[in-house]
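As annotated by Swiss-Prot, 5-methyltetrahydropteroyltri-L-glutamate binding site applies to ARG18, GLU19, LEU20, LYS21, LYS127, ARG531, CYS532, TRP577, GLU621. Per Swiss-Prot, L-methionine binding site is recorded for ILE447, GLY448, SER449, GLU500, ASP615. Per Swiss-Prot, L-homocysteine binding site is recorded for ILE447, GLY448, SER449, GLU500, ASP615. Positions annotated as Zn(2+) binding site by Swiss-Prot, on the basis of sequence analysis: HIS657, CYS659, GLU681, CYS742. The annotation active site, proton donor is assigned in Swiss-Prot to HIS710 on the grounds of sequence analysis.
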Amino acid sequence: MSQIPVATLGVPRIGRRRELKFALEAYWGGESSEGELLAAAAKIRAENWSLQKAAGASIIPSNDFTLYDHVLDMAVTLGAIPEIYGWAGGAVPLDTYFAMARGSQEREACGHSHHDGTGVPALEMTKWFDTNYHYMVPEFDADQTFRLASLKPVEEFDEAKRQGIHTRPVLLGPVSFLKLGKRRDGGDPLELLPRLVPVYAELLGKLLRAGADWVQIDEPCLVLDLTERERRAFTIAYDALAATGGPKLMLATYFGGLGDNLPTAAALPVAGLHLDLVRAPDQLQDVLSAAPEERVISLGVVDGRNIWRTDIAALLDRLGPIVKGNPGRFQLAPSCSLLHVPLDLSIETGVDPELRSWLAFAVQKVEELSILSHALSADRSLVQSLIDMASRALAVRASSTRVNDPHVAGRLSAVTPEMAKRSEPFSERRKLQQERLNLPAFPTTTIGSFPQTAEVRQARAACAKGELSEAGYDGFLKGETEKAIRWQEEIGIDVLVHGEFERNDMVQYFSEQLSGYAFTKQGWVQSYGSRCVRPPIIFGDVSRPQPMTVDWATYAQSLTDKPVKGMLTGPVTMLQWSFVRDDLPRETVCRQIAFALRDEVSDLEAAGIGVIQIDEPALREGLPLREAERPAYLDWAVECFRLASSGVKPETQIHTHMCYAEFNDIIDAIAAMDADVISIETSRSKMELLRAFRAFRYPNDIGPGVFDIHSPRVPPADEMADLLRKAEDGLDPRQIWVNPDCGLKTRKWEEVRFALANMVEAARQMRAG
């Protein structure tokens, strides 16, 4: 039997030691040249190609690398560059590219000046499907034209060829490219498809002439709910591309199953089809029945989005009968691009040997596919020892006392509906809370964090290195906390926060104190551009060995007679921003986290903290891609929040916070959370996001953000008061709190002081009528 090819759809592009991050920041900071940045990028690409080849991949991608974002790259390649950036044709300057990604304070970025002197804004950024990666949203005009403005896909194919590696270039497909973008006039981007497809055909022709016999063309939107018109767009686009010749196309779908889009995908004139068989393992037989026999099927059987070792023996049992009859029809691949996992476990030093044996990062996942290919295609005995090693590690994991905690399982089995309900309705709770807190109309507060200055970061680093004692660090943090409390009192904020100076990250801070979590030193993944994150790993049952925030909350409360909020990260966000164990349903893991937080909430209340905030910025991010699957998710997500928050007395006030999002499709769930107060980002939308709350007649209190914490601009008090008057249109003034859009951790103190003073003044104006 011939060897079944091993393909990768994309790999992490940040480098083994985050070289891309540091190269970008040096360039943006004026510390290196364009040539030095491009040389660093070329080195990462070369290392990635070599790593994949050494790990056993026979089909290696090119053009999966990007300096910032692959969707932005596609927009630039196709000439979809908004007029504001000043591109007039020819080669696209690197600074124009970065202005689209990050905005620019420089007038030269767009070739003309602006009335406000603030340069040009970045394109909008949003989540890539249901992952924690962010992409830049392409913008189109109604009369948008496209042209081949960059030959990056061809150049990187040639670059790999010079290295002796024949690659399969990767392109984001035309229909997904348009669907992921937006038209400035609010029209349907798919109307632009007839103008776009010829440019794709031109690019594919150039790749063919360069020697690319196959091209991977990603159409992840095929796993979404589509209208018949949208399905027709796929047919139109790929019929047109097929008519022009060009290389063979491997149409890649991922993040779910084709579902009711299968007939459309099966009928497209493409040579290959990639399937996500991790998210949707049951679709394979239907695809094999529907697709032409000559269609190559890429089997996405290794999880490209999580870091757990694959059960190779189980996969062999499952795939053996399928590939046996026609091995030449199949390729083996990860479920999606490996962008979403760290690059290489071999450089990781932060996890113990046992836990390490349960993990697989990008390189190891390619190695797993190579083992699978050998076992399916050749003599299994040649790799049997490696298969056995994986099976032993999985068996140890399944039976480990580190993973399974009977006490946690017992608590979950004893859950009752009453545990997820407050003892009194909101109307009664509000009266009791007002008696306790005695707050004015339009009460003011902040979302939680205050600026993490260089001094705070230096003290944390010094403590971590042993250069500053724990006692010294604790004293420093207490000093910062007291300054924050005193300053909030001086300007007249009503419900205070302690500032969170002791916290490095809103998820990491808590997960470091919970059982069942582990942390890496080199497990970096790209969030966007140069921003990299190290998601914690949930490997076992989650519990809280001891209180996590009570000492800091009670210290801050001891400094003032005003209420100080206890600050927690909610269970859904703790789940969404972690690598989650794959041996339990996600909702079960979330309930475990909810119980740990429930204990913390109870301890805060017992310690005299009367206002407790449980942030859930990731609640909407967890929504399944398919509409039919969303109600079940929202049911357990809301239940977990309520499990965490409902064990308190009615006079204890529960707050939550959600970041910038569309709320229309989840407003029922937000109301069902039954938080006494919700704060949301609304300033950038000029309170437009409140429409959903007005239409729903949202019953509880709400704090619409009155200034954008992402901007250094400090709006005057009158402007904030105007926003609050807009909020009054449709909301009862008694419902309205006054707060910023989000936490202030990344801002400078000079900005924060003026902004919050103006915010307090705006609230005073509202009280005065």
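Keep in mind that glycine also has a Cβ here, set from the backbone N, Cα and C atoms.
Since this is a predicted model, take the numbers as computed values, not measurements.
Structure with Swiss-Prot features highlighted.
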{"residue": "LEU20", "record": "5-methyltetrahydropteroyltri-L-glutamate binding site", "DSSP (3 states)": "helix"}
{"residue": "LYS127", "record": "5-methyltetrahydropteroyltri-L-glutamate binding site", "DSSP (3 states)": "strand"}
{"residue": "SER449", "record": "L-methionine binding site", "DSSP (3 states)": "strand"}
{"residue": "GLU500", "record": "L-methionine binding site", "DSSP (3 states)": "coil"}
{"residue": "CYS532", "record": "5-methyltetrahydropteroyltri-L-glutamate binding site", "DSSP (3 states)": "strand"}
{"residue": "ASP615", "record": "L-methionine binding site", "DSSP (3 states)": "strand"}
{"residue": "GLU621", "record": "5-methyltetrahydropteroyltri-L-glutamate binding site", "DSSP (3 states)": "helix"}
{"residue": "HIS657", "record": "Zn(2+) binding site", "DSSP (3 states)": "strand"}
{"residue": "GLU681", "record": "Zn(2+) binding site", "DSSP (3 states)": "coil"}
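For the recorded site, CYS742 (Zn(2+) binding site), the DSSP three-state label reads coil.
Over all protein chains present, the Cβ of CYS659 (Zn(2+) binding site) has 20 other Cβ atoms lying within 10 Å. Ranked by Cβ neighbours within 10 A across all protein chains shown, the binding-site residues ARG18, LYS127, HIS657 are led by HIS657. Its own atom aside, the Cβ of SER449 (L-methionine binding site) has 21 Cβ atoms within 10 angstroms in the protein chains shown. Look at the binding-site residues GLU500, ASP615, GLU621, GLU681 and count other Cβ atoms within 10 Å of each Cβ; GLU621 has the fewest. Taking the centroid of the Cβ atoms of ILE447, GLY448, SER449, GLU500, ASP615 as the L-homocysteine site, the other same-chain residues with Cβ within 8 Å of it are THR446, VAL497, MET506, MET567, GLN613, HIS657, GLY743, LYS745. Ranked by how many other Cβ atoms sit within 10 Å of their Cβ, the binding-site residues LEU20, ILE447, CYS532 place CYS532 at the bottom. Cβ environment of GLY448 (L-methionine binding site): VAL497, GLU500, LYS565, MET567, GLN613, ASP615, HIS657, GLY743 lie under 8 Å away, each six or more residues apart in the same chain. A sphere of 10 angstroms centred on the C-beta of CYS742 (Zn(2+) binding site) encloses 27 other C-beta atoms. Calculated from their C-alpha atoms, the gap between CYS659 (Zn(2+) binding site) and LEU20 (5-methyltetrahydropteroyltri-L-glutamate binding site) amounts to 28 Å. Among the residues ARG18, GLU19, LEU20, LYS21, LYS127, ARG531, CYS532, TRP577, GLU621 said to bind 5-methyltetrahydropteroyltri-L-glutamate, no two Cα atoms are farther apart than 29 Å. The closest partner of CYS532 (5-methyltetrahydropteroyltri-L-glutamate binding site) among the binding-site residues, by CA position, is CYS742; the full candidate set was ILE447, GLU681, CYS742.
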